[in-house]
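Taken verbatim from TrEMBL:
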- 1-22: signal peptide (SIGNAL)
- G109, W110, T111, G112, G113, G114, K115, N116: ATP binding site (BINDING)
- 278-333: domain 'Torsin-1A C-terminal' (DOMAIN)
Amino acid sequence: MILSSCIKLFFVLNIFLTVSLAFEPITTGLAVGVGFTASALLAGLNHFKCNVVECCDNNWFIPNITGLRSSLQDNLHGQNLVVDTVAKAVKGHIRNKNPSKALVLSFHGWTGGGKNFVSKMIAENLFVKGMQSRHVHLFVATLHFPHKDKVETYKDQLREWIKGNTSDCPHSIFVFDEMDKLPEGLLDAVKPYIDHYTEINGVDYRKTVFILLSNTAGNAITQKTYQYWQEGRKREEISLKEMDDLILKGSFNEKGGLWHSSLIEKNLIDVFIPFLPLERQHVKLCIRDDLRAKGHTVTEDVVTKVADELQYFPEREQLYSKSGCKRVSQKVDLIMEEVSQTVEEIMR
């Protein structure tokens, strides 16, 4: 009730101030006096509003780079390249008060490797409301851009959306999921906003963050990881540099959102980040996390039962999970329901 009344007063004062400043010169003395008073009241109301409703200020945008690294280290399994690269890239961008361009991260790998999970952790460690923040924008290719024959319309809509939201908050985050299903050429519409421009039509886009999620180059990433395993080498020895060329070529040549994209040609993507296929040991860690999060007792027997419910490849080695950790939560619910029923039958 109080908030509603304050908001109404805010709009009344805003209108009054606008009218006052439009008076003829003979009444400017009065108008200036009223204007200063109204401005002070408006400033106070703005401060009050931003304590209750999300704004783009230090009440709601609270970068926690140490927290981001910790979240990645504690909760992301089997992705050492991701942990180090993402933490450094975000830290460098956020701490630079005058970055030369927007930060563009391109995540690549098969489903279930943690691409959406990492995007969520970035948002949660920058904005108080995380992915629910009005300054974090998620685009899903098959949902928001389903028709390939409407690319030009989508481009116009995308430009307006990015311009409007960056004007509202310079630190806006834009996440594009299912990049491999994005209509070809659509993403080139964002090129001006991630290029090295100080501003475009009065708007500075250099503090924004763009995160691109894609399955492209997933096969090449998996093959390289498997090659290391065959040679008896640890996956932790794989370098970002040797993966970079694989991902770049795959992204540019595979059909999808980055196919022959000017973003790649103009070197506007800051870093290509590989998400390696997850082994059974990594899946078991995800299972343990899920059991704990749901308040279940963690036992090796239950963890193994859940892990056995998933499918693995290659056929002979059964080394990597086909779905990564993506189906873990559902399988945990299934197994725990079976365990619960068994206990109930024993107790009868």
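The backbone N, Cα and C atoms fix where each Cβ goes, glycine too.
Whatever TrEMBL says is automated annotation, not expert-curated.
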- Query: Taking the centroid of the Cβ atoms of G109, W110, T111, G112, G113, G114, K115, N116 as the ATP site, which other residues of that chain lie with their Cβ within 8 Å of it, listed in sequence order?
  - Reply: F107, F117, N215, F275, G324, K326
- Output the one of G109, G112, G113, G114 that, of all these binding-site residues, has the highest number of other Cβ atoms within 10 Å of its Cβ. G113
- Message: Across the domain 'Torsin-1A C-terminal' (278-333), what are the DSSP residue counts per state (helix, strand, coil)?
- Response: 29 helix, 5 strand, 22 coil
- Query: Taking the binding-site residues one at a time (T111, N116), which has its Cβ surrounded by the most other Cβ atoms within 10 Å?
  - Reply: N116
- Across all chains shown, how many C-beta atoms besides its own are within 10 angstroms of the C-beta of W110 (ATP binding site)? 22
- Message: Restricting to the chain of K115 (ATP binding site) and a gap of 6 or more, list residues whose Cβ falls under 8 Å of its Cβ, or answer none.
- Response: F107, G109, L213, F275
